[in-house]
């Protein structure tokens, strides 16, 4: 039919998808294969990287990224946070993207996943062959021999070594010399024979270890010019930023810890050095290059700093926190190079699982029908007689030596789990990888054949455990992670032999191989070799089928499958789960205090997006808690009886466990009027309820993840623990499930008879507090070898208990960039950088040295029963320094410091006294939404247009010792938007000394905005509102720095001198080791205070000392408490640390935030007494 107006349209039988709706990303892998992914045009580089990681079943994607060639034919790394298509359209020479290593590690033994090491090996080999990593001829031949062994296997598998002529042996720059190539091939052939017997992973490891010792390893450079105009190459390496001169001058390396800041301006890239107070500039080709170099160097700086602090605590952390999987394991020798996941990226975190992934699956019936529960049993490697391990590899008899090293716990994705991802050559059923020809079988990330091919081979009887053809290596689908990986909603459960009738004969004889499908609700009653095999291109849920018939035809499998959308690349999740606690301990699931204080290091990825998981977890735990199976054998669970074996004689006997919740409550009053103070009025009649004003602890599972860490000593006592636990479980139910709430006893306090006084808010003193002022202190002095039969271990308040009201995101969008608090948003630690468990419990030998109370406190437990009155020992005013020192040391050794600390209220009993701080307009002025000043103790500013309530997160703290008044202001580290308020407070309160107890940035996280100008910089003056700040001088004294500042009021012209004393030796985790250095810092504060008091105006003879850290409670409290207690020692006053701390916390909540900080105060006082004896 002709068209009107003579229009003619081209007729075709095809249509094209609009380029505006999708993007076909073509990515070249490190083995030179290409994969294509269909993505949205808005898909970021991160999503593309995750797609590659899914294809490779790679979890440790932190080290990898994507790059492309720009229009100047230069390599440029993709910005993972921006859409990939826009970057390629704007900058790329071609649409091809390349996968590679962006962050190099100091030691390749720290890479945990086998696929990670293999990809890392391919990257290093590519760097050598392409000439990016310079090497000598001897080094190239040595590496070539290892590469041939890794890629081709033993030399005796081939008739001759002629194939080496076609193999790329040497770097590309030497390929033109044929004579050199021939000689090199002969030497490589000899090396190939020498390396006979090495498996592919072993040869690859030797190759990588050889490369990491070469000059230029991990370097990436760019051309630039220095300040003299000389041509240089600048780039990042493992140690820092290097500068190589092309005129023969030796290279210069600016180490990461010496670099304070990096910036770029136009075409200039600048480094600010921390120790020299100077800035070094380099000129790049253009503005885009300067910005790119800055972005790359900043990323590497953060990566290596985070990993440096991780490596320092890795051994202790992995020995404690990672053992929260309610399992026993032996950690591998090399410690992983773990990086905490960046919070802004979903999956770009390296979540280290440094233990063997051997799993005995248990199928506990549940109501939802979707998720099974499995137990990880790590006291042995998961191997059956055919040499199959959990990652899907089949090892021959002479290659099982590699199984001695525990394999990392993987959560790989299937070969293609997205319907929009088309197949490629990798997905072909007849595809056989050509890069490995050794006895080592390719792991599960190698391509797998389809169902048809597998069944044909099965019918031909080709499956034998000792066969090694490439087609047979891929048959191990039943035990491969592509089909047995846990998704995000699979939780571990105890190893319960609840279905013995379902086990196969093989699993009956060899209980370490149950042949259970990870996702199916019923185990396969058949060996792995006889199971049906599902095609490779599928989602993981394709094996989540309940198969109980004798035969397993494929159509039945597909027909009964409930299809769901493919899950994203799995979140790194902690190995433990809360239902374990509900099952083993019969404790209410709302008691997160059973966790160790450093559990947040384990659950750093438990963020808001995983809250639905926790709610569904509560539902799962209900039928588990209700179950009563006395005959079940529970291995690797953390039992109450088994836990107390590690308490050095501190046991819970059956008569103790039968106590009800009422038995926990009241402490008795003695004749000496010594008493205890409860959080609220305790009901004496055994009731299960608390008063309305009670300081209770009730959180749902969406607030915290519960972990209990077993001790290694439990291994030898496993059977006894199980039997004792089976008897005591019903008794524990009555003791622990009372209204899901617990009373938390606070510290008893000393009489106010001495000259030590606290200015307390009159209107907020409760009855228990008034009674507390007329009683004597009770200090726990307990012999470690005597078992406590009448004390019931109860959960104690941990550092995670800031407030329950703090668990919410800020109301405004601008607050989303800043967490409510570090621990609440899922970051590494608590507000003050809570140290990992290893900071207190470093080795097994150290754990044996500590007493029962200390060990109990470290595990979040404390005795609710106070010792008898004669057990207490007061540090009297008449005691000599030697006697005081001895008493303090005795408290530390016997562990009474820990129970003493746990009894101190973290904040006032009555909540809601921070109304001004909780106003919506003041939310942006709080660094953390759960650390707020009380209304009657807060520092009030003169209201301004910008701050009409005159609010700042700061508190007055007033103490009187021997008639001398000590006045402090405790505040948080200034934010960028509160610097003006900070300096207004300094001016209005007449502050002359600022004591800063933190660095500006620790571990890549901002602790305090730099509110004063640098000395020696071009701009040594900064203006905040009406105040102009100028740096006059700076003196570095080792562990602290003294800076003189001039503060000028621009409206009146008045000037003042402000002293800035910054303690620079506080580690990111724990407390300072140099006690003398900290005491010298306190002496510097005293010295400057005396100087300022002597020169101050008469109207302000004693200006307050302003102390701040990050949140203004942890380290700030340590400084204030230490200085007050030192003053008590100097004036020979009663030394009552817990009472002083409790009264300090009545003026600002949660001062001295962690147990280690409280212990540090004791150590400071002991060191002060020892030093005073020498004077």
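Just so you know, glycine gets a Cβ as well, placed from its N, Cα and C.
What Swiss-Prot records for 395-421 is compositional bias 'Polar residues'.
The phosphoserine annotation in Swiss-Prot covers 577 (among others), and the record cites similarity to another entry as its basis.
Residues or ranges marked as phosphoserine by Swiss-Prot on the basis of similarity to another entry: 589 (among others).
Per Swiss-Prot, phosphoserine is recorded for 590 (among others).
Swiss-Prot lists 637 (among others) with the feature phosphoserine.
Annotation source Swiss-Prot lists phosphoserine at 673 (among others).
Positions annotated as phosphoserine by Swiss-Prot: 710 (among others).
The phosphoserine annotation in Swiss-Prot covers 711 (among others).
For 798 (among others), the entry in Swiss-Prot reads phosphoserine.
What Swiss-Prot lists as phosphoserine is 800 (among others), and the listing cites similarity to another entry.
Annotated phosphoserine per Swiss-Prot: 805 (among others), in sequence order, evidence recorded as similarity to another entry.
Marked as domain 'Tyrosine-protein phosphatase' by Swiss-Prot on the basis of sequence analysis: 897-1168.
According to Swiss-Prot, the feature substrate binding site maps to 1068, 1109, 1110, 1111, 1112, 1113, 1114, 1115, 1153.
Look at Swiss-Prot and you will find 1109 tagged as active site, phosphocysteine intermediate. Residue 1109 (active site, phosphocysteine intermediate) carries neither a helix nor a strand DSSP state and counts as coil.
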Among 1068, 1109, 1110, 1111, 1112, 1113, 1114, 1115, 1153, the record's substrate binders - longest CA distance, Å: 16
Number of Cβ atoms other than its own within 10 Å, given for residue 1109 (active site, phosphocysteine intermediate): 29
Whole-number mean of pLDDT values that fall within the domain 'Tyrosine-protein phosphatase' (897-1168): 90
Residue 1114 (substrate binding site): tally of other CB atoms within 10 A of its CB: 27
Number of Cβ atoms other than its own within 10 Å, given for residue 1068 (substrate binding site): 21
Number of Cβ atoms other than its own within 10 Å, given for residue 1153 (substrate binding site): 26
Cα distance (Å, whole number) from residue 1153 (substrate binding site) to residue 1109 (active site, phosphocysteine intermediate): 12
